[in-house]
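For A:D43, A:D111, the entry in TrEMBL reads Mg(2+) binding site. The site 'Interaction with target DNA' feature in TrEMBL is assigned to A:Y81.
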Amino acid sequence: MEPVIVHPWNVQEEEALAMQHQLASQVIQTDQMDTVQMVAGVDVAYHPRLDKQFAAVVILDAESLDVVESVVAEDTASFPYIPGLFSFREIPPIIKAFKQLKTTPDLLVCDGQGMAHPRRFGLASHLGVLYDLPTIGCGKTRFIGDAKEPDDPRGAFTPLIDQGEVVGHVLRTQNHTKPVYVSIGHRISLFTACDWVLKLSPRYRLPETTRQADQRVRKALTASLQ
DNA sequence: GCGACAG
DNA sequence: ATCTTGTCGC
């Protein structure tokens, strides 16, 4: 599948910032999704030299959580890692992987933030707008905002607040386990996003989508080292 | 100026 | 993200 929006990636920091400001206005913060049957997960891994990168996209059956399709693409990173401009480093290889996909997902879960971002346009929002897909940001660690520690039971959450605004939820997906940072990517509400993260994390801290994508991308990376 | 800083 | 040894625990 191809993006519905195409824009240059060989940009400098200043232009990338301007693009984020412009594209952020297109993010939809309410549920605009059909019945979710296919859920996608995406992840990127790096060669020890940090210029070679691999992206994996997996498609899971939303009910059984079985993997029904997976693709991997290799690329050379051209944009440096700059906090706040993460998507300009990771999306190019992800676009390569998406081109190989036969299945169109109904929802995409990303390893990183959505609106929990300085300009409310993290990786998940960027991918959502580019592909016009409902997306969720599910990060392993905090990027911006402050929050109290959520209570013990799985499902408990606290608001993640930045500049007086709720930009995400700190959500506990397993009892006595470090919580994850959930935020709106695109075309979904924060509460629906948390419901999906919980549904996709029946056994482990991270959603199965992220785990499966991570597993495949690591395998591709390891194979390339031999 | 200093500290923080998705992956 | 990746480099790294052991270690504690289910």
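Cβ coordinates are placed from backbone N, Cα and C, and glycine is handled just like the others.
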Which listed residue (A:D43, A:D111) has most other Cβ within 10 Å, given these are binding-site residues:
A:D43
For A:D43 (Mg(2+) binding site) and A:Y81 (site 'Interaction with target DNA'), determine the Cα separation and express it in whole Å.
15
May I ask which residues of the same chain, at least 6 positions away in sequence, place their Cβ under 8 angstroms from the Cβ of A:Y81 (site 'Interaction with target DNA')?
A:R89
According to DSSP, folded down to helix, strand and coil, what is A:Y81 (site 'Interaction with target DNA')?
coil
Look up A:D43 (Mg(2+) binding site) in the DSSP assignment and report helix, strand or coil.
strand
When DSSP is mapped onto helix/strand/coil, what comes out for A:D111 (Mg(2+) binding site)?
coil
